[in-house]
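The following features are taken from TrEMBL:
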| type | residues | note |
| --- | --- | --- |
| ACT_SITE | HIS192 | active site, tele-UMP-histidine intermediate |
| BINDING | CYS78, CYS81, HIS139, HIS190 | Zn(2+) binding site |
| DOMAIN | 53-202 | domain 'Galactose-1-phosphate uridyl transferase N-terminal' |
| DOMAIN | 220-362 | domain 'Galactose-1-phosphate uridyl transferase C-terminal' |
Amino acid sequence: MPNIPAPTDPVATSAKLADGREIWFFDEQPTLRSVHDERPLEPRAGGSQLRWDRLTATWTAVAGHRQTRTFKPPSNECPLCPSVDGRLTEIPAESYDVVAFENRFPALSTVAVGEATGEPFVSQPGRGRCEVVCFTSDHEQSFVDLPPERVRTVLAALAHRTEQLTAMPEVAYVFCFENRGEEIGVTLQHPHGQIYAMPVLPPRIESLVNAADAHREATGECLQCAVLADEIADGTRVVAENGTFVAYVPYAGRWPYEIRVVPRRHVGSLPGLTADEMDDLAALYQECLRRMDGLDDAGPVPYIAGWQQAPTGREDTWHLAAEIFTIRRAPGRLKYLAGIESGVALWVNDIPPETAAERLREAL
């Protein structure tokens, strides 16, 4: 079993689970691992499909096998905790720092079967890869409370997986993200994120690509670089910053509280960051999560955090950004995507971005 150094500090060790899925351990200290998954697992499902919507010119993933995925198990049956006391989980080890493994119930899979179809009903097999990233073996912890060195390890793991998944054939985009809170739809409480390696550009990223390309064609410059410079000059929506990263609320933010964390330097993806930039990102990213939690006394804020990295082959022209947003607009009140947002995609934000930025600055 190979021990392969990750692009940054942790030691990355790969192994196989009982059904052939890959698992990676990211250890902060050199660890000799002998991994053996003793579970009698069924063969992996490969029935997902991508269908083309001619009316909107976008893809939809159809994955009926995910209906049987694990749903809100009690803590003593958590599949993301270590395997201890004879209870076998997805992680065949008694302890770990950070782990990434192929999802047992993936929306996209390397074993997806079927043939592509043409007009009028265009489809292709849902080939790709979905991974789960466990931030800690502690079931009760949250990302915002992780020690700084663990945040750094998580980012290193995301960079490692991004680099390897981007190199896979047919992968057009790699998206790393975290959902927190039952209000968001989280079904496993253990602190974790996910990674999707997709064969197509998802609609939001395609929209960002088109806007960036149009700006570059007109000006010869990076659009995110220009926006960042304008936000820094204006200052009213800047939440926090350090030597290499800036966090701001977007001028046309869609969510009640929404933060973009952007490197000052033009760099496309996590693997392209220097060690100092990784350190600054870890500190500022976690600070933004603390500011979210500090908005009120209603308990941990439900949020989604995602990494907008370079599509395959666009590393030089893309500008990395992390996007963090919450659906909580006030204690006990959530922002639902109702008729105007869900029906015609016109977003209505109940909190002016300038007000949101001021509250976030005052939250710590």
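Along the chain as shown, the residues are counted starting at 1.
Yeah, the Cβs are placed from backbone N, Cα and C, and that goes for glycine too.
Curation plays no part in TrEMBL annotations; they are all automatic predictions.
In this structure the alpha carbons, written CA, of CYS81 (Zn(2+) binding site) and HIS192 (active site, tele-UMP-histidine intermediate) are 11 Å apart. CYS78 (Zn(2+) binding site) and HIS192 (active site, tele-UMP-histidine intermediate) have their C-alpha atoms 12 Å apart, to the nearest angstrom.
In terms of local Cβ density within 10 Å, HIS190 ranks first among the binding-site residues HIS139, HIS190.
What surrounds the Zn(2+) site, by Cβ distance within 8 Å of the Cβ centroid and not counting CYS78, CYS81, HIS139, HIS190, is the set SER75, PRO79, LEU80, THR89, SER137, LEU188, GLN189 from the same chain.
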